[in-house]
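> Below are the features I grabbed from TrEMBL:
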- B:38-158: domain 'Acyl-CoA dehydrogenase/oxidase N-terminal' (DOMAIN)
- B:163-271: domain 'Acyl-CoA oxidase/dehydrogenase middle' (DOMAIN)
- B:283-450: domain 'Acyl-CoA dehydrogenase/oxidase C-terminal' (DOMAIN)
- B:468-584: domain 'Acetyl-CoA dehydrogenase-like C-terminal' (DOMAIN)
């Protein structure tokens, strides 16, 4: 597997120049002392771990995988040490509450850290990733007692966390879960049921695992409004914080999967396990969604990280591999062939990856900035606006970063030809590992339904406004160099508005099926428009900096590529969306 | 892994009703005795092997994979017996010359057989598949002595064949291969060199392996015009046909790959191996391309077969899995949830697969029919026309069937959610196995270059004419039910013509990079138009047959879906193509 190098320059450019996140920080009480140099140093430290400790072990860990015997899961060689070093660096609690030992860094920084970790090894990244989600959920919804019992250990990386939602018969449809929790006299509960696809449900990295579990109380109303959230530790915790007896939760087996072979995906059996309620009875789903939303940007970043690494390898290969001849003027007669990079189709592939990777990095930083404003701003209207943007952008971040991530990693294989299909260069592993990110934490189809149904139609289109306003603010200051692209983005926004109105009309006309019939294409349309916005923002900021920073040379050029070759995909998407549900419901169920 | 069922009805519909291949046969001397019922019976026999012998072993074979020790390759359990039964059924020589024991069946039948085999197990299909290519090449280019030595054994499946092209430094660019062949006094040659990525280069299925190898003679001119083709058997063949001494060709190692784990992908070392020239000196590449062209439709069919199987599984799952609720009128209140199939996004995914699979099956049959006309017709103008169509359609068949095949198998995973990512249902294996088909036998980028560069621009657009004429013949008889789709296809043909003219203009203006800069999008554009043609042909033929054959009920409906949701992709492709090479060559090589 090729080496991984953290794209420090690009991350710095985004944080400092494009989004100027430090200007936000200076207005947030909790972050007032953070400056951009500290942030950069922090990123640099994480980058060293990713580059020198985690990435080099990625292929070996994939080949060894996790193994299961007698209820125990063994992780690949090196993982314990990697996790230990990550925990010691404070990275498990990178955004966590400082009151319990967290670093309390903003999400805009954490997004860069997460990208590195995913680029280095998606399987490994899941152990700290799920733990971070559990930390956030407990911090927001747990009682003080639960928090003081679990948070310090989770944040320090001495224990890890999971989220237990899916059951054999209930994946997307959580309303029909069957796990039950019965109250005990001491205020705790006895929880029973089977959960599947539990990432990190069992492993040997740390001494205790803290499961966050959805289950139903005896008096639960039916459906999603009768689901409660519980914490179920693998080992009970004594009053002094030491580990007590083994709880009634056990791993029954692990899954054999296409990829993320080094991540333990477990069937977890809860047999009267001792459990504690988190938050209010029957309000587990909204509480779990705190975690889901946090994870969803994180899952999007998995797609981005895989794509970023695949791009590095593909570019390196295309620069070094000599094969065929370019245009006459560019031929190097001293060699028997020219580098792959001279060929138009290779450049098309590399630029597609580059446009998705750097556009995606900008987008995840943009979402991170909104998450920070929503969390830290003391200005009510800024906070509300950021909240609205987060609601809108989260499903896009999850689905569009993973869809473009998969497309990028597949292209990254193709650039290497047969060498992309064999394990040696690592390109095929990135495809396999990236693929799951389109599925878990709510499939990308579900993200699209969330975006178009709950968010856009649910607000009668109003939730799009802050995004449109941000884009129009940029478009209000056109510049000569990219005038064609400015016009194109304006037209794309108009198309997005018109398409949205069309869907709203069909809904108003009583078509119950239309939202779920066009949601995926709609999410892609908004995704391409958003990436267009990212590319123009970056190009605009890069231009005056070109002379001082050579690495920015390609920003304007890649923006032009994006507008010429990728943004036009919205034309076809808009036509498909306008068809509505009609062509999908001609078939009777038995007629396929 | 879910069961596989051969789509007999659809195959029959295509052969008998849509393409009426038996009408062709009755005019071909060599096929005059073949009737449609015999063809159907033949397909049925192959289908039984695929369904009951090969498909059930597919997942186990993937898990066991091939193994390598001391130069020997061991195939998975069951493969020897499968190959034996296939060979005994005459299937290795399904299209081969009856003079040497072949069945001499037309390609339109063989295309169906190949689809079944690929749907059942792509890894396994490669052993007979490469052998069939070797048979064809030897039959067309070998001397009578070579033919009588090798063809009967290869056709009977007692020996297998390979094609040895790629070297470590030379994949797409065969002009720079280094393998050498020196003439010996007895008229044979001594061949040395290293070949990589050799499918079936070594294995334990049969007693001898016949390698077709590209190498350079001492007096070879440089580049692709100095390449000769040789036959190199693993064991030399005695005058009486028995096996003699071991030849100087050995397997050095096997590749570890993303998929096709049960196919041996070998590094082959030729150390002064005894070799015999096939055809003329220095004319090996055109000879090998006989085989490559034959294989290219076959590789396209790999994408189709994987997609077809994935569709069956996804549909079955969507019909059985209860999850969520559909529109009010369709809800089944007696159950806790409705089948997945009620949801718009699930229908979008299934119909996309169905449109690609059935459209692709029609397209491969159409290409098969042209191959048959080119081979068997006694009418010169029909033969020439078919030759032209084959030249045009071959790169589309290879690339578009595998690109839509991968898209379909990825969707087939997505329908199953997490269950599509684990091995149990087999959906993830289909993605991994299908992925290589976009790479080998000339990457899909190279197919696109062949289509747009050699074929379309090379003929100044003339080679498109027979395809356009076929489409316009259909469009000349519009019918009421699909009038909107007829108009849409006419517009699509116009767009294809206009886009072609635009590229021809840019070439005429001296842009050396334009062809390779837009070739992939161009191939997709022609592919979508071709599938549109297939869908209207099928729908038109299906309509009057609906009452007698219920399974045709969905043809018109799926055609409508294709035109509403998939054909519109050409809009974006055309915009991207019009950009030409401009946005790809803004970057300097070092500036990416």
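Heads up, the Cβ atoms here are built off N, Cα and C, so glycines get one too.
No curator has checked TrEMBL annotations; they are predicted automatically.
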> Between B:38-158, B:163-271, B:468-584, who has the most Cβ pairs under 8 Å to the domain 'Acyl-CoA dehydrogenase/oxidase C-terminal' (B:283-450)?
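It is B:38-158, which has the most Cβ pairs under 8 Å.
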> If you run through the domain 'Acyl-CoA oxidase/dehydrogenase middle' (B:163-271) with DSSP, how many residues end up as helix, strand and coil?
7 helix, 56 strand, 46 coil
> On the DSSP side of things, how many residues of the domain 'Acetyl-CoA dehydrogenase-like C-terminal' (B:468-584) fall into helix, strand and coil, could you say?
99 helix, 0 strand, 18 coil
> Please give the average pLDDT for the domain 'Acyl-CoA oxidase/dehydrogenase middle' (B:163-271) in this predicted model.
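Taking every residue of the domain 'Acyl-CoA oxidase/dehydrogenase middle' (B:163-271) together, the mean pLDDT is 97.
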> For the domain 'Acyl-CoA dehydrogenase/oxidase N-terminal' (B:38-158), give the DSSP counts of helix residues, strand residues and coil residues.
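DSSP composition of the domain 'Acyl-CoA dehydrogenase/oxidase N-terminal' (B:38-158): 89 helix, 6 strand, 26 coil.
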